[in-house]
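As recorded in TrEMBL, the features of this protein are as follows:
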type	residues	note
BINDING	A:Cys83, A:Cys86, A:Cys89	[4Fe-4S] cluster 2 binding site
BINDING	A:Cys93	[4Fe-4S] cluster 1 binding site
DOMAIN	A:19-48	domain '4Fe-4S ferredoxin-type'
DOMAIN	A:73-103	domain '4Fe-4S ferredoxin-type'
Amino acid sequence: MLAERPITPATLSRKDLPWQIKWDINTCTKCGRCTSVCPVNAIELGVFRKRDVKPPMGLSAKPTTEFSTFYGIRQRTDPAYACIGCAMCNMVCPNNAIEPSRQYDSTTLQFHNNRGGQPRTRGGRRNSSESLLDQIKFIRISMLTDPALDAGRHEFDVRTLLGRVLSPEAEIKCFRENGWKPPVREIYPLVIGGMSFGALSPNMWEGLQMGVAYLNEEMNMPVRISTGEGGCPPRLLRSRFLKYVILQIASGYFGWDEIIHAIPEMKEDPCAIEIKYGQGAKPGDGGLLMWYKVNKLIAAIRGVPSGVSLPSPPTHQTKYSIEEAVAKMIQSMSMAWGFRVPVYPKISASSTSLAVLNNLVRNPYAAGLAIDGEDGGTGAAYNVSMNHMGHPIASNLRDCYKALCVAGAQNEIPLIAGGGIGKHGNLAANAAALIMLGASMVQVGKYVMQAGAGCLGSEKDRCNVCNIGVCPKGITSQDPRVYRRLDPEKVAERVVDFYLSFDTELRKVIAPLGRSTSLPVGMSDALGISDKDAADRLDIKYVI
Amino acid sequence: MCRLFALTSRDPVSPMRAIDALNVMKEGHDGSGVGLFLSGLGGPWEELKEYPILSGIFTDAGLARMSEYMTKNGFQSKYSATFKPDVEPPVGTPKRGTYASIAFKIPDEWKGMTQAQVDSNLVQMRLDLRAMGEAEGDIMVFSFWPDTIMIKEVGDPMAIAGYLKLDREELYARHILAQGRQNTNYAINLYACHPFFIEGISTMTNGENTAFVPIREYLMSRGVTGYQGYQSDSEVFTHIAHYATKRLGLDISSYKHVITPMNDDEMRDHPDRAFLSDLKRACRKLIIDGPNCVIGCLPDGSMFMAQDRKKLRPGVVGGNPELGIYGFSSEICGLNAAIPDRDRTKDFQPMHLDTAIVGPDCREVLQCSQKDPLRQQL
């Protein structure tokens, strides 16, 4: 530090930073790996000068001053370079000589992370460690009259339906009259939610696709992955693996041209088409792919110039109302594939979700409704949107399911719940709770990054730099120097691993509840919670 | 675990035969209740096949309120078999009043109605009476349907049989469903006692229906009069049978395709695979996750037994075509007690793919496998 450095309103000391670097001079070998790996340049090699006063023995000789120079690690205090706590420095340090540590009383930085009048944007998820889903318990254990099922040995049918299911009366009528039946896919109830090819690095995307293909073809698990907005690599569009993919179209239509042009050459239909109207992390806001990540490849796939930010509009530009959007978008997308592919919208959970659902119930082509709760993650959004906007998924989903029950359509429009599932690692328990609250399937994104590729982000504002393309693990970066760190084969392996363990855990939940031949959608009598208000709101049992 | 016993016979027999069978199987139940469904009635009811019979339990005030309600709706009592016990009830059984089965003449205004309207109106009247009774606690109604009597009570089946003198000739019937034990998973409630009944269809079940809540919600949203109540997790089986046969027009051998559809491997080579996979999809909400054994009786007097693949100990069907009597029992000892005179090698235990059906002629046990082509032409 300079002795006479200027002290301005934006000047911060190390104490003001939430993440502080602990560096041990004694074990550091000064190899420099930590500074070279730091994604935000929060640390730099520093030259330190030390003055030593040496008083000699006796009275006559004067004290001498010696200056020594040594090299070390210095943490910058400029808010633009604040440490994000990713701990990559520790990961590469041969001696564990360096690590970030969190200071919870250091809150000053948040008043300064809007320099130049730009509010903070970041990736990740809402900075809240609460999780209602984790509070839900499974209370209806079947042990009175019959032996509980053996989760390890019993035959289970863990499948769900994506697509408009006709009512039994309509199905029989349709069969007799040989009428048109909406397409329905039987899939695994845990779907990898939309993370676009622009948001994720090519290695991450390739790893996910390989993992999904392996699960389908080797493990007999019909797992599906949504592409997110931004198109799909042309080779995948023309490959037989397309059937494992849910193509997403969002309000920006990025990459959609590529998809449309590939239709005549598609060997397989995609699993489904997801029309994204909103996502839980930034409800009412469009997608945001910042210029850092728009390299030549992404620009080519999306059909845009490179190096420019790509914000999608918050709503579909061409549509006047949700009624019109549901009617026209769904119908035209269905038509593009000859009504052989299910088409459904994805919305952010909000108090108006029911309005969208009401529209879908009346639309014979609507194949489902994906609802994304406030805890959903994103590659980039404004901090304020992520932290303060949105509706929790559990109550929103429950409202929608109960509305379907009243309409008698709970089997007909599958609800896909997302947003904060597995936030604390309890993926199977959270998913099972949502299924019992009424979801036909659940979708996860952030969990896949954390478990599948070692994403370092947390709900304590750790890392969260997905937006600027410097992801220290190479998951959300488009810079080959960074994403080379990620081995697609290893990602695929991890995806397969966590899917298989999810499957076992899900069985360990549903088998003691006495379920094995159909997914326990809406089995709300199995759920209890020790919060009276939550119990009343979700219409589940209050247990203390 | 509930014990179930059903009899179907060419000639009316005493319900005591079924109660005796329950008593033999007593080791497996706690004697907490008994329910009886009787149809194909003999004795004085032979002449009254067209008249709906109201079965229930009434206090004196309840009896008066019921009569007033029936009169107001234009119904005229034609014949009644009432029984008011004059002795103290067995331990655990409350003193309730009059156990009545009353046949009514349908008002002339109903003559122009379609059969479906008449059926629905009869169900609605039963529900109205039940609601009246639930408000005041003086009326309990179990069925209101031609040629059908239902009796339910809390207590040991044998003791109840003695208390209510179930050996009376006016209770002789050709088709009898009897169940011993009260509610398993929920509070004790007379309406929760099997068998359950709707529009001529009655079923009883043992086991535990873990998919109860989603199925209940689904049935209640179908808009069918009578799909309500659900004091027991097993009541939905009766309504699924009603829904499958009356609403969807399916044959009873398809019932099992609704409640326990085959998995993809089993269905792969089925000649009706296209229809069955559609049916499985559409009726996914009605899939039971047992273990359950369902025994039921249809309006034409055919009786069936089906169970899901989780059931460890299947029920058994056997009988004597010469005598024209067949029994459906949850345990073999019950069948041995009720129909000792039969060829035991022909006993049939329906496994996870089978439905056993005995027609009203009581000549044979029809064994339907889910792998067979559908009997019904669609």
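Along the chain as shown, residues are numbered 1 onward.
Cβ from N, Cα, C; glycine included.
Feature map: annotations from TrEMBL on the structure.
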residue : record                          : contacts (Cβ under 8 Å, 6+ apart)
A:Cys83 : [4Fe-4S] cluster 2 binding site : A:Leu17, A:Trp19, A:Gln20, A:Ile21, A:Cys38, A:Val40, A:Ala42, A:Ile43, A:Gln75, A:Pro100
A:Cys86 : [4Fe-4S] cluster 2 binding site : A:Pro39, A:Pro100, A:Leu456, A:Arg462, A:Cys463, A:Val465, A:Pro472
A:Cys89 : [4Fe-4S] cluster 2 binding site : A:Ile21, A:Arg33, A:Cys34, A:Thr35, A:Val37, A:Cys38, A:Ile43, A:Ile98, A:Glu99, A:Pro100
A:Cys93 : [4Fe-4S] cluster 1 binding site : A:Cys28, A:Arg33, A:Cys34, A:Glu99
Arithmetic mean of per-residue pLDDT over the domain '4Fe-4S ferredoxin-type' (A:19-48): 94
[4Fe-4S] cluster 2 site shell beyond A:Cys83, A:Cys86, A:Cys89, criterion: Cβ within 8 Å of Cβ centroid: A:Trp19, A:Ile21, A:Cys38, A:Pro39, A:Val40, A:Ala42, A:Ile43, A:Ile84, A:Gly85, A:Ala87, A:Met88, A:Asn90, A:Pro100, A:Pro472
Tally of DSSP helical, extended and coil residues in the domain '4Fe-4S ferredoxin-type' (A:73-103): 8 helix, 8 strand, 15 coil
Within the domain '4Fe-4S ferredoxin-type' (A:19-48), residues counted as helix, strand or coil by DSSP: 5 helix, 11 strand, 14 coil
